[in-house]
Each structure stands twice: as C-alpha cells, then as structure tokens.
Amino acid sequence: MSGFSPELIDYLEGKISFEEFERRREERKTREKKSLQEKGKLSAEENPDDSEVPSSSGINSTKSQDKDVNEGETSDGVRKSVHKVFASMLGENEDDEEEEEEEEEEEEEEETPEQPTAGDVFVLEMVLNRETKKMMKEKRPRSKLPRALRGLMGEANIRFARGEREEAILMCMEIIRQAPLAYEPFSTLAMIYEDQGDMEKSLQFELIAAHLNPSDTEEWVRLAEMSLEQDNIKQAIFCYTKALKYEPTNVRYLWERSSLYEQMGDHKMAMDGYRRILNLLSPSDGERFMQLARDMAKSYYEANDVTSAINIIDEAFSKHQGLVSMEDVNIAAELYISNKQYDKALEIITDFSGIVLEKKTSEEGTSEENKAPENVTCTIPDGVPIDITVKLMVCLVHLNILEPLNPLLTTLVEQNPEDMGDLYLDVAEAFLDVGEYNSALPLLSALVCSERYNLAVVWLRHAECLKALGYMERAAESYGKVVDLAPLHLDARISLSTLQQQLGQPEKALEALEPMYDPDTLAQDANAAQQELKLLLHRSTLLFSQGKMYGYVDTLLTMLAMLLKVAMNRAQVCLISSSKSGERHLYLIKVSRDKISDSNDQESANCDAKAIFAVLTSVLTKDDWWNLLLKAIYSLCDLSRFQEAELLVDSSLEYYSFYDDRQKRKELEYFGLSAAILDKNFRKAYNYIRIMVMENVNKPQLWNIFNQVTMHSQDVRHHRFCLRLMLKNPENHALCVLNGHNAFVSGSFKHALGQYVQAFRTHPDEPLYSFCIGLTFIHMASQKYVLRRHALIVQGFSFLNRYLSLRGPCQESFYNLGRGLHQLGLIHLAIHYYQKALELPPLVVEGIELDQLDLRRDIAYNLSLIYQSSGNTGMAQTLLYTYCSI
C-alpha cells in the first residue's frame, strides 16, 4: 500500500467519507501542480541558456528525422494525415488530449500541410470500416491503463471469473499501485467484493472508479441508488450532483436530488433544485409546471419565505394563465394577504375566479366640489368556493371597501361555525385589524360558543375585542378563559391582571401573575426562563404598587437568582422558601460547600446558564439588571434583612458582568460594607474597609468608617495593618492618629504619646489632639511604677486646660476634665466640673439626634459613684432617679 495516496488509504479504511476523499485528492493535485511550476521556474532561472531558442540546424535535423520515420506515422502504422482526414470527415476530435497536443506541435513545426495520397485513401477506407464497427457498440471512455498493465488487468478478470478472488485482488492492487488513475482495477475490485456480499466495500471501490471515470452519468445514478440502500443520503446527493455535472438538464436527476435535500432538511438547496426544474420544463408541460409551482409555494410559505412563494406563484400565473385553478387562486390570495398586499390579492381573485366588483356612481352632484358617492357592488358566480369569498371579504375590509360586505357577511353567518370556524376567525381578525370591533364581536361570539372552535386563541381575540369596546368585566372573563385553556400564555395573564387591578380586585390580579414554571424547568429551558422573567417583572411592579414588600422582594430575588445562578453557587448562597415569618417567603442563606452540586452537574448547569443568560439579557439590558439588583438590596435593608443583603452582594461580586465593570464593582463593595455594618458583622466589614483604605489612603471618610469598624470588632489584627500602612505613608494624618489610638488601647502610652504629638504639631488648634495628649499623660501618671508622677500630672492637666480653651465651655469639655480628675482621685475638683457639666445642655449637631450627644446620664452616674463611696447614698439615689431612670 506504500504506493497509494494517503487519502485513498484513509477512505478504504473507512476513516473519511467519499466527499472528503475527493476534496483531499483535488487539494493534493493542486499542491503538486504548484510545486512543479515553482520547480520549473527555479530551473529556468538556474539554466537560462536552456530557455533560449535552439539552433536552426537542430530544428532541421528534427524535421528530417520526423519525415524519415514513417512520415509521422502513429503507433498503429497509419499516417497522422490520414487521421486528420478521417477526423474531418466524421467531424469528431481525438479522445486522447495528449495526442491532440502532439498534433498541434506537429502542425506548428510543419510549414506546409501534407496532402493525402491514394494509399492514404485506401488506408482510410480500412479505418472507416473498423471505426464503424466500434461506433455500433457503446462508446467507452478512453482507458488510462498503460499497455504494459492491460495483460495483468485481463489476468485479474480471468482469475475473478475462475473464483480465485484473493489472487485477483492482489493483481488489482498491484495495478492500482502502478497506475492509480486507471478506473478498471477499482471496478473489478467492486465486482469482487459485491460477489463476496460486502456491499459497503463494493460501493467504496465503485465510487473511486466513478471518480476516475466521471463522465459516466448512469454509473453515478446507480451509485446514488446504492447509497440510498445503505441510508447514506448525503453520499447519494453527492452522486446526483456528479451526474448533473455532465447532464445539467436532466430533470429526473434534479428531482431526485431536490427530494433528498428535503429529507436532509436543506430547504434552500431543495428549492433551488426545483426552481431549476421549472426553468427546464417546456411550455407543453404546463400541468407539471403548475403542480410543482404550487408545491414550492406551499413549501416556501411553511418556511416563512413569503416573498419567494409569491415570486413562484406569479411566474406560474404569468406563464400558464389558462391552467390556473381555484386552488391556485386560493393559494395566491393567501400569500398576498399574509404579505399585507391586499390590493394584489383582490386583483388575483377578481381576475381568475369570475368575481366582479363594480363601482356605480349616483347622478346627484356632478361638480368636482361635490363628488358623487360611489356604490360598490359585488357579483359572485356559482361554484366559487367559500374560502375565496372569505379572502375577498378580508381584502375588502382592509381596503376600506365596506359597501358589499353586508350580503357577504350574511352568506358567511349562514354557514355552520363548527365547519367554517377558521373562515369566521379570518374575517373577525380583519375587522379587528382595522378597528371595526362591533363587526368582529358577533363573529367571535359565535366561535366561542361553538365546541370545535372554543379555543384559547379565539377567546383571546374575543377578550381583546371586548376590551376595545370598553366591556371590562366581560373582557376579564374572556381573558380568564384564555388562561384556563392556555396557562402558559403570558400576554393573556398580563392583560387579565391589568384588568382585574383596574376593576379593584388586587388579589385576583396577583393570582393571575402566579409563576408558570417550576425551578427545574427554568434551569433547563431558556424560553421558559424568558417568559417567566417577563411575568415576574409585571408581578413585581404590581406588588410594589400594593405595598407588599415581602412579596416584592420574593419576585426580585427570583429574577436575580435566574441571572446569578452560577455566581450564587460560587458564593455558596442558596435561595430557599420558608415560613419563619408566618407566611411563606423566599430567603437567601449561606450553605456549606458539600451541599453545592458536584463538578459534573456544575458544568452542565454552566452550559444551561449560558443559554439562559443570553435569553435573559435579551429581555433586560445590563443596566436594567443592575437597577433590579439595587432595588433588591435597598428593599432587603428596608426590611432589616441585612444578612441577606450581604449574601446578595457576595453573589453579585461573583458575577463576571458586574465584577468586570470597575464602577459597579466599587459600588457593590460599598453596599457590602454598609450591609455588614448594619448587620454588625464587623469582621466582614473590616475585610471591605481594609481594601478601600489601601486604595484611598487620603480619604478621611473611609478612615472614619475604619475607626468605627475596628472599634466594634473587638479585634486587634488592624494594629499591624495600620503600622505597615504607616511605613508606606508616613505623612498620612489619619494613620498617625489611629496608630496613636491603637497604642493607647494596647497600653503603649509612650508610643501613643509620640503619635499624638506628631498629629498635634501638624494641627495644633485641633482640640482632640490636646485632649488625647492630656489623657495619655494622666494614664501614665496613674501607673503603679512611674518616675516624676507630679510632672506628668501637671503636663496632662496643662493639655486638658488647652483642650478646654479650644473646645470652649460645654457639657463635653467639663465632663472630660472631670473624668481626668476623677481618675486621679481628686474628688472635690471632679465634683466641681461634673456639676458644671450637668448644668449645661447637650450639644446640637446637625444629622445626629440630641439624645445621642446628651452626657447627663454619664455625668450623674459618675457623681453617684463619688457620693456613694463617701457614704452619701441619698444624694447618689437622687441623681440616679433624676437622670438615669427609664
């Protein structure tokens, strides 16, 4: 097999189809041809002398040799001039292209044509007799099998005839190896395998033989039939295509191939084939033309290609007007009506069905200012089908020609709606389209009262008609009937809900918008998810307008869970239904990793989620989904469901469309921080604020939030974080103060004092830093083992007095000074400042409640402790009853 081409080996081994084999072979031949051309160019460049014209002596010697050697005889001993005469008499060309090229070269070299002699004529008569016998037989293609291998080919056929199949196969393989372009060995191999019963292998070799001898159309057709026996429609189409290459006008081949294309579902190719058949049919084949055009128009119409269907039917009507039947008129009118070309449909009906429309003008008022009114009359001959009459009515309605409709309507309503319900509906829909609701209502009422046409689509039209006429209650009943018959009809549900809301029935309005699909269906069916999303949008709007916030949040979470399904799995968040609040509602909870579906289920869920995501984003844009998410977060916080707001933010941050948008990601992080603080989840809040202050070191608002979070977290991990950040940003004022606070809380008073002094130097007029320095000195003086305690106390109170002067006399400043004295045991001085603070009102700060800044309870409690320790319990109780009782 080493001499075989790789594509042939792959085809024989069944690795590729025959179409692939032919494609690879053509590509290989093209590559080989290009490589030969490139080699020829290279050799011409390397040996430029070879491309020059040879000397005349060489030419003359060649000519003399050609004349001497039998005067240009062919291999069978006959001069080429005889062949020329023979060919000119028969009007045929040589089959062998190589011999034709040689003849052309001979003719170019010979200066004068050779005239036939008497001997040539004698030989010509012999050749004519021989060729006449050949022409009596079937014309066979010229073989590409070399003479040296013809004997071996004959031997292989003899071996096959004797039953020695293996030897015959080996001989054929050897011939293929030496002459891969000869079709005879492949044909013999096909017969051998067919004799063995291996029809698949036989077909393979037959296809190769046909490929090497492609002009035999009957062989291609036979191979197509064999392919169909093996249910290989694609290969059969390929064979018919090959046959049509050599017989492009064969109608049978075109018909068979188009039928196969229809079986394959390739509507376009099938219709192209049928169109070619139409072009090939003669004018005498009118019936066949009309039938084929009729079938093509129906097929185009079913494929929603109305324009092509109209073109086909127009061509049929123009070429064979005398063969147009009532069925053709009905089809043409249907096509034009579906394309809203009512004038064309009316023209077809009046031209080919015998129906006559006449305009009669009254004689009154002949002036141009007072144009005479026109009365249109309609005459319908007997035998016109009711279908065409109804299409005439539809056209008249849309063209606003209403005069002849009354007798036509009378004729229609005389028909039984059980039998002619579809015609009733066509006319009713035409009236609805032009706004003639009063005319449409009787027809629709007759249909909904029938048994056969008591359908959802009819009830829907009936409801729309009643709604347009203002009969809201009856319209609501009809919409309810639609929902009963078709529970998944979204538009009917929405219309029913809107009507019931207008009629003052909010509970029924909500009931109409109950979910249509279960969660499993929504997770797998993209169209179901799309319908459910539209319904939930209307339901959420209705719930919000009714003030039902828990139900409103349920719909928002349901919609967001459809979008964030994969993201929620990554965030380990699950949406559950629970009745913990007394009513059943949806809640977001955190679940463990082992409760999340395994990887295989996750992959399939991801694939489904991609398809569903494409549908969901077609209903709502990215910004609409973002607004929906914000509404859900705000609503959860309004209901004090802060933990669920956190989980929703976590899931949204796992959603790539939101996370990739930097602005939205930052906004989500702020939402997460706020929800965590409101939920008192300060550990999680610290994770948010830590990143924020790293990115915005010089933002005081973030440092204020950071201080609040760390103050409530009861955690000291932020100490090292602040120190590391201080090394990177040594000039940051907020970090300086925070590090002072951290050191003060940790008992490192000297470190705290250094940080406070640094802050004091940059902002000496800030009362806080004077207060912090004074308080630090007092704490240092309060330690058990300390040197120069008196100096520390003096320095501490000097800074506290500075704080008092900067802050001014107020409840806060006197209270803080009293606390310092109280800590040092200077009770009499502490009582003085406590009493002064107790006499002053609390500070008024915009945005903060007055009670939040009132220190009288704290002052009274400290005073009560002093009085109690001194034995004055009555005074202590009086203070507690006055300021600390609830």
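Keep in mind that glycine also has a Cβ here, set from the backbone N, Cα and C atoms.
Looking at S43, S55, S64, S143, Swiss-Prot tags one of them with phosphoserine, and that residue is S43.
Counting residues of the repeat 'TPR 8' (456-489) by DSSP class, helix then strand then coil, yields 28 helix, 0 strand, 6 coil.
Assigned with DSSP, the residues of the repeat 'TPR 10' (733-766) fall into helix, strand and coil as follows: 28 helix, 0 strand, 6 coil. Here the repeat 'TPR 8' (456-489) returns a mean pLDDT of 94 for the predicted model.
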